[in-house]
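As written in TrEMBL, here are the features:
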ACT_SITE  B:Thr190  active site, nucleophile
BINDING   B:Thr153, B:Lys179, B:Thr190, B:Glu275, B:Asn399, B:Ser404  substrate binding site
Protein chains: 2
Amino acid sequence: MAVGPDTLPELKPVDGFRIGVASAGIKKPGRRDIVLMELCEGATVAGVFTKNAFCAAPVVLSKKHLAASSIRYLLVNTGNANAGTGEQGMRDATACCEALAERTGVSVEAVLPFSTGVIGEPLPVAKIVGALEAAKSDLSEDNWLNAAHGIMTTDTRAKAGCEQFEHEGKTVTLTGISKGAGMIMPNMATMLGYVATDAEVDQAQLQAWLTAATEQSFNRITVDGDTSTNDSCILAATGRSGVKVESSGEAADKFVSALNRLMLHLAQSIVRDGEGATKFVEVRVEKSASVREALDVAYTIAHSPLVKTALYASDPNWGRILACVGRAGVENLDLNAIEIYLNDVCIVEKGGRAASYTEEQGQAVMNGEEILIHVVLNRGDVCEAVWTTDLSTDYVHINADYRS
Amino acid sequence: MAVGPDTLPELKPVDGFRIGVASAGIKKPGRRDIVLMELCEGATVAGVFTKNAFCAAPVVLSKKHLAASSIRYLLVNTGNANAGTGEQGMRDATACCEALAERTGVSVEAVLPFSTGVIGEPLPVAKIVGALEAAKSDLSEDNWLNAAHGIMTTDTRAKAGCEQFEHEGKTVTLTGISKGAGMIMPNMATMLGYVATDAEVDQAQLQAWLTAATEQSFNRITVDGDTSTNDSCILAATGRSGVKVESSGEAADKFVSALNRLMLHLAQSIVRDGEGATKFVEVRVEKSASVREALDVAYTIAHSPLVKTALYASDPNWGRILACVGRAGVENLDLNAIEIYLNDVCIVEKGGRAASYTEEQGQAVMNGEEILIHVVLNRGDVCEAVWTTDLSTDYVHINADYRS
């Protein structure tokens, strides 16, 4: 169950970025569970990682390697998160990096490890190492679709996108994949994103743009309010297009715009495939006094089990939305100034139900699969949006039944 | 569906506090939907109310009357919350108070109004006023059980408790009732509590003790993390026992202890009857550096849909609990110092699964109806607890189907 059409755009190869997929038999024999990504020499790499204090061993190691070295390989396994595994987990993640480094003639620090799957089980190092040769011989620039499938866990569909722009007669490509179906699934932990481009961008600038893009994409989505131990998003730039993107100017504008579109698409694809999702919901808070209060209101609505069950029921239950705005902790809120809309239908104004509102109008909006909950605070000029799903009986089934 | 035995203790009458119940036909003909409580002259009254900025008209009015006057009547209706009703809601609540004041010869300010039920519908003032005489003639000190039933909305069972203590040869009684089955149900809005005692306590002291008791009871429970527009809790002291409770001393110790026990019982009864609940769960955070961080960790666990669905499935999924501790926002958390227990079973230590832990031990705890999730942070000496339920498919059904 997912919201919207299950179609992927053509995933253009990125010159200098090769991908190999293999089966290590971590959870199920024959399932693609290893994705190896190879960057050409001279590529720059940026990363953002979970803020969960209990971050997994591969996250700790990836951060360390990223700070110490230029990066040549990304090694992803599914089926095991290598999280909650203490010191052994660090040794296991290191062992995988070492094995790959040996086989490719790079330093251990040139490898970033990523794991997603069950928490608290020892990483099956031998299985992963045993699949490295197969992944290596599969390396190809045309493997994006296989990679999108290879990093899936409870995802019901592959998630990928592609953006291109022209600059001074040359074409720049950005291609990316993501996975995740709850914001966290510590059993099949979590959100991963990989974007590669053939633009040339220096590392510090790449990191700044990735951080900014993440803030407006992966950090604006929620399925169940949880944050995983393994969330990671990587942006790699090979430079092979011959277009150097400086910190500002026309190329920078085009690049940032393409990156933001791609990242938002990858993030929203995760929400559309949210566990048990039957609705894709944007919560937009406008005319707010600050980003903080806009997000407080938006997330209070997006996380409310009562709003989410009403969405599941296609019930235009404006009282539940209004109560969320009221408890979001915004100081000196002027109730009479607030307007709340479902799509274009005004449901609340002057502290109560809008005079013009009819239940039929609300019902018509709620019957749709894509819904906008639009709150106008009328106390400033900040606008922020977050994206979420409804809360269905299937969500409970998926998360209650998963380990049994 | 509710957790634990459905038995009520004997509800001793409180001298000077009479209760009348009537049917106004607000939602269903014949259903008891009006509860009138009368306090003897000279009684003191304290109240705590929702912090939701969108608080309902009766909450606004009750706060105003409580500040302005001594109180003689509490008037409760179910079936309609008189919330999200703007100026008309204020006029309607006032009209009900006026009608009762006229019929009883007290000032309008001596009446506190309370409403619980559907949000955003006009209060049926004529129906409520029409039932006042019947409620008045039903006034009796022996009506606590009827009152407990009279304030129910989606509750599946009545909630009430009673405490007594002896002081200098005299008996002091505290009797109370509560209602609520989600922390918020804006359609059938919400949590109400009424406690009366025959102790003599001055108003400022009564307010201080009610506020403190609420902090450790009604403010420590969560079903779905929502806060309603109508939450109210009232404590009335008639003084008729002849025991004057000063701010400190033996009588104060006994009184505060009895009040805290009663309030905790009333609050926990709400959790036990939580919508769709199959488990009653205490989340206790010990050896914390501050109350704030203890509650941040406890509520992050108690609100996590992933933890709650695992509880529903009786799944000892310690990875989900561990991930919550990690994302609770506690600064400089030393992962290796943390221990997590299910009842007495240590499941996490030294940053990972406890060496002694077996899945069978965890399963045995999770199979029970009453579960303790016990987190030891080992960074201070503060201990706090909150109480919650699991998240079941029935929760979704109840909240998705309610208005349809």
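Cβ atoms here come from the backbone N, Cα and C positions, even for glycine.
Computed from a predicted structure; not experimentally measured.
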Chain A interface subset of recorded positions B:Thr153, B:Lys179, B:Thr190, B:Glu275, B:Asn399, CB distance under 8 A, sequence order, none if empty, is B:Asn399
Are there binding-site residues among B:Lys179, B:Glu275, B:Asn399 that sit within 10 Å of B:Thr190 (active site, nucleophile), Cα to Cα? If so, list them; otherwise say none.
B:Lys179
For B:Lys179 (substrate binding site), name the DSSP secondary structure in the helix/strand/coil scheme.
strand
Densest Cβ environment (other Cβ within 10 Å) across the recorded positions B:Thr153, B:Thr190, B:Asn399 belongs to B:Thr190
Test of understanding: give the count of other CB atoms lying within 10 angstroms of the CB of B:Lys179 (substrate binding site).
30
DSSP three-state assignment (helix, strand or coil) for B:Thr190 (active site, nucleophile):
coil
DSSP-derived class (H/G/I helix, E/B strand, else coil) of B:Asn399 (substrate binding site):
helix
Cβ neighbour count (10 Å, all chains) around B:Glu275 (substrate binding site) is 29
What three-state class does DSSP give B:Thr153 (substrate binding site)?
coil
